[in-house]
């Protein structure tokens, strides 16, 4: 099939319509010409999100939930997700914002926008304190386990007995849970087999 006549006719119609638009454009009033010539505003105003703080990691959903005040959060089956607001343009960050000035701030969970916001300050520092506290408790437990009892006397022996009982109890509970899961699995398989036999019989 030859496309040349189709293309030629389309070009002819397109170029024939161009002078008519130029004539119509000349008939416009001077006021309309001024409106056309005025440049559009360079940047449109976009709403800024009010942030209480900025998280060191966006994977920390609790921190993001705490810091971003104007996001509508929706509970989905898998996770909590932001809903409704598109992300506005981000302001350019300076070099001092990118590079941390103090080495002590690197371990913080987040950085507060206002230094006087005590609730934010406590939230951002809490994670670090809890981590330190849990490591201290773990260290104390390990230290107590490794310490010989004759120096501390009956109290140490009693503590070790209690810890041993707790461990045995936890092991017994986990074993009973495993056993109940095995029994439930066997019952499900038995029921499935009986159902297959019943279906084949009918």
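Numbers here mean position along the shown chain, with the first residue as 1.
Using N, Cα and C of the backbone, Cβ positions are placed for all residues, glycine too.
Annotation note: residue 53 (disulfide bond) sits in a strand segment as assigned by DSSP. Here Swiss-Prot flags 53-67 (among others) as disulfide bond.
Swiss-Prot lists 55-63 (among others) with the feature disulfide bond, giving similarity to another entry as the kind of evidence. Spatially close to residue 63 (disulfide bond) yet at least six residues away along the chain are 53, 55, 56, 57, 109, 110, 123, judged by Cβ distances under 8 angstroms.
The region 'Disordered' feature in Swiss-Prot is assigned to 28-47.
Long-range contacts of the region 'Endothelin-like' (110-124) within the same chain, counting only residues at least 6 positions beyond its ends with a Cβ under 8 Å from a Cβ of the stretch, are 51-56, 63, 66-67. The region 'Endothelin-like' annotation in Swiss-Prot covers 110-124.
Positions annotated as signal peptide by Swiss-Prot: 1-25.
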*Work out the three-state DSSP category of residue 67 (disulfide bond).*
helix
*Check the region 'Endothelin-like' (110-124) for me and report the mean pLDDT.*
86
